[in-house]
Amino acid sequence: MNILAPVRRDRVLAELPQCLRKEAALHGHKDFHPRVTCACQEHRTGTVGFKISKVIVVGDLSVGKTCLINRFCKDTFDKNYKATIGVDFEMERFEVLGIPFSLQLWDTAGQERFKCIASTYYRGAQAIIIVFNLNDVASLEHTKQWLADALKENDPSSVLLFLVGSKKDLSTPAQYALMEKDALQVAQEMKAEYWAVSSLTGENVREFFFRVAALTFEANVLAELEKSGARRIGDVVRINSDDSNLYLTASKKKPTCCP
């Protein structure tokens, strides 16, 4: 019995979504990794289609974390601000290169008094989205601490990082250009991919989350292929080891009959 919701038609990815800015991207490839494409075509993705990948969204109070998630998951925008208490999450189902894939988006509180509660949910993230307000330079400066807190509970070498500027609709072109310059530098220092979005208008929101889903999926498949490759190598070593032992055992046996 399949208890998972079916994949919506607008959540199907047949190609790799492109980055916003090449100078601050996790990678600039135009297509999925060839090994990933091949594995999907041959249905060698292991347990990837059954896993739920955890994505945490962190950042200062009122930078627009909840609005960002709601715009993508529910296609809504609520102008009446309500602070997140503790944590909340949404589940999104995708189909990437014909393989089902699920993201669990964790919306964490930005208030200091809930920080301790929220941080307990950071562990096990495969992607971290650090959100700041494009109209508030202090919120950009604070992203470094938010990232440091999140990485205390995760392996920095195995998590994907995204730096997202929100409320782009409130910036003039001149204001945005200045903030983007600083944000790109921060993203490069973090080794994060940079995006700028507007939850009010929906600008870049869909493209951003598709990019998150695609890169997280790609990382999962590559990890699965590495595991399966290691298992195959291990099996060969064990077989060869057993063969050697059998040979040594046989050579030590005395003949049971006379020549």
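Heads up, the Cβ atoms here are built off N, Cα and C, so glycines get one too.
Residues or ranges marked as GTP binding site by Swiss-Prot: S62, V63, G64, K65, T66, D78, Y81, T84, G110, K167, D169, S198. Summarising the annotation, Swiss-Prot assigns Mg(2+) binding site to T66, T84, D107. Feature annotation from Swiss-Prot assigns phosphoserine to S241, S244; the stated evidence is a large-scale study or a structure entry. Taken from Swiss-Prot, the feature motif 'Switch 1' applies to 71-89, supported by similarity to another entry. The motif 'Switch 2' feature in Swiss-Prot is assigned to 108-127.
Structure with Swiss-Prot features highlighted.
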residue: S62; record: GTP binding site; DSSP class: coil
residue: D107; record: Mg(2+) binding site; DSSP class: strand
residue: D169; record: GTP binding site; DSSP class: helix
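Within the set of binding-site residues (D107, D169), the lowest number of other Cβ atoms found within 10 Å of a Cβ is recorded at D169.
Here the Cα atom of G64 (GTP binding site) is found 10 Å from that of D107 (Mg(2+) binding site).
Reported as a whole number, the C-alpha separation between D107 (Mg(2+) binding site) and T66 (GTP binding site) equals 6 Å. All protein chains included, T66 (GTP binding site) registers 23 other Cβ atoms within 10 Å of its own Cβ. Fewest Cβ neighbours within 10 Å among the binding-site residues S62, G64: this applies to S62.
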